[in-house]
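What follows is a set of notes on a single structure, which appears directly below.
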Amino acid sequence: SDTEMPITGMNFGLTISAIWYWCSDQVIVQRVLSAKDLSHAKGGCVLAGYLKILPLFLLVLPGMASRILFPNEVACSNPDACEEICGSRLGCTNIAYPKLVLTLMPAGARGLMISVMLAALMSSLTSIFNSSSTIFTMDIWRRIRKDASETELLIVGKIFVLLLVGISIVWIPIIQQAQNSQLFHYIQSVTSFLAPPVCAVYILAIVFKRVNEQGAFWGLMVGLIVGMIRFIWEFSYTVPSCASQLPDPRPAIISKVHYLHFGIILFVISCVVTIVVSYATQPIGKMHLHRLTFWNRHSKDVRIEITKKKILPPSKNNVTEMGEVNAAFREGDQQEIENGSHKNNLAEKETHLGYPVYVLDVVNKFKENPEIPEKSLKEEDIADKPNWKKALYFLCGVSSTPPGDTESQEEFTAEQEANLAAESITEKPLWRRICNASAVLLLAVCCFMWGYYA
């Protein structure tokens with residue numbers, strides 16, 4: 001087995017990283033969620049799989065050709081010569097493709113290829129930065145500033161992008177000293193240190209109903225801590241080049257355990273912690289799991305969200321329309337709701353009603369204050385602002401239409417929403433067969449290429 005790319009690590013460790021990236025990473029998920037329906041999403045993923053075959057012919061083979069054509073530059077072995085050629089004493093493999101383009105291609109095609117490479121780089125960076133900005137703004141900042149306006153969220157997101165750009169620039173020296181200055185190895189090693197816990201929780205949450213919030217949280221935290229220990233420990237050493245013939249200063253637990261093998265170990269650790277903690281704590285009620293696992297994805301039952309604030313936003317309509325709240329108004333429970341005694345027997349009340357008891361708390365608050373204030377605060381009309389401010393808002397992406405002027409969305413009952421959610425993943429038989437057959441063919445092509453080029 002190759003010490004740099006062991007077959008067990010390629011088959012299992014790289015698969016774990018691939019599941020994280022293609023199934024749960026925001027950069028990919030945001031594209032799939034924008035699909036028209038499930039068939040479009042599956043077709044897009046299959047098409048992306050076919051396109052991922054092209055890098056073998058567009059990147060790998062040209063890189064091998066570049067190493068043969070320019071052995072003194074791309075395959076330099078003397079640290080002093082490497083530093084003079086590409087500015088790194090650990091090797092110049094990263095210049096293989098640009099060297100090929102700049103040396104062999106004519107002037108016009110050379111400029112076109114450089115433009116394409118820069119455009120692809122900028123596209124990838126903007127996708128990553130926008131995804132990170134969305135996660136920070138929606139999942140973190142809105143918890144800090146619950147009443148933040150859309151303009152504030154937009155500004156915070158753009159500032160966070162600038163912060164990420166600064167961190168990326170500061171991080172360049174670390175990349176130059178890592179993994180003999182081979183960018184591909186650095187990316188895969190960092191992914192193997194951080195992605196396995198996410199992959200473990202993602203898979204368990206889909207196929208295992210018993211996994212709960214506590215198990216997922218501690219599985220992620222333990223996996224993150226173990227991965228960060230390996231990350232800091234490994235990159236705290238500078239590995240000498242092969243030409244220097246100096247001993248590897250890293251301990252055996254790092255130098256002898258490949259990062260892809262470590263990814264497998266970290267995946268198993270995260271799975272064990274998630275399962276153990278989940279079994280040691282209270283399970284999630286079935287009422288919260290409809291359409292959230294693979295086994296009940298077609299369920300049409302009304303799902304009640306776990307988070308209280310997401311379950312029942314008080315309004316004039318949902319108290320009478322939603323079935324789970326109507327259950328709280330049963331005649332036998334009216335008195336307990338009014339005097340608050342329902343809080344003393346939460347478990348019995350949840351068993352009796354079939355719904356969480358906090359629904360009763362929402363009903364109680366609604367009874368105390370039935371007049372729900374409508375959101376009437378509107379941002380100042382941008383059309384009345386000076387031209388320089390209009391231009392600034394245009395560059396920042398702020399809409400010129402006040403929030404209240406847009407057409408209201410159609411409202412559905414909880415039962416209707418459940419039916420729509422269940423029907424959203426149904427496919428036409430013809431396109432389902434085409435997508436599935438294309439996926440099977442893609443697997444066959446990949447297996448053939450693995451065997452042919454092995």
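Each Cβ is built from the backbone N, Cα and C atoms, and glycine gets one as well.
Here is what TrEMBL says about this protein:
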TRANSMEM  6-23  transmembrane segment
TRANSMEM  44-65  transmembrane segment
TRANSMEM  112-132  transmembrane segment
TRANSMEM  153-174  transmembrane segment
TRANSMEM  186-208  transmembrane segment
TRANSMEM  215-233  transmembrane segment
TRANSMEM  259-281  transmembrane segment
TRANSMEM  434-453  transmembrane segment
Q) Do the transmembrane segment (44-65) and the transmembrane segment (434-453) share at least 3 Cβ pairs closer than 8 Å, excluding pairs fewer than 6 residues apart in sequence? A) yes
Q. List, by number or range, the same-chain residues at least 6 past the transmembrane segment (112-132) whose CB is under 8 A from its CB atoms?
A. 25-27, 30, 97-98, 101-102, 105, 160-161, 164-165
**Q.** Intrachain neighbours beyond the transmembrane segment (186-208), with Cβ under 8 angstroms and 6 or more residues off its ends
**A.** 13-14, 16-17, 19-21, 23-24, 175, 178-179, 215-216, 219-220, 222-224, 227-228, 230-231, 234, 259-260, 262-264, 266-267, 270-271, 274-275, 292-295
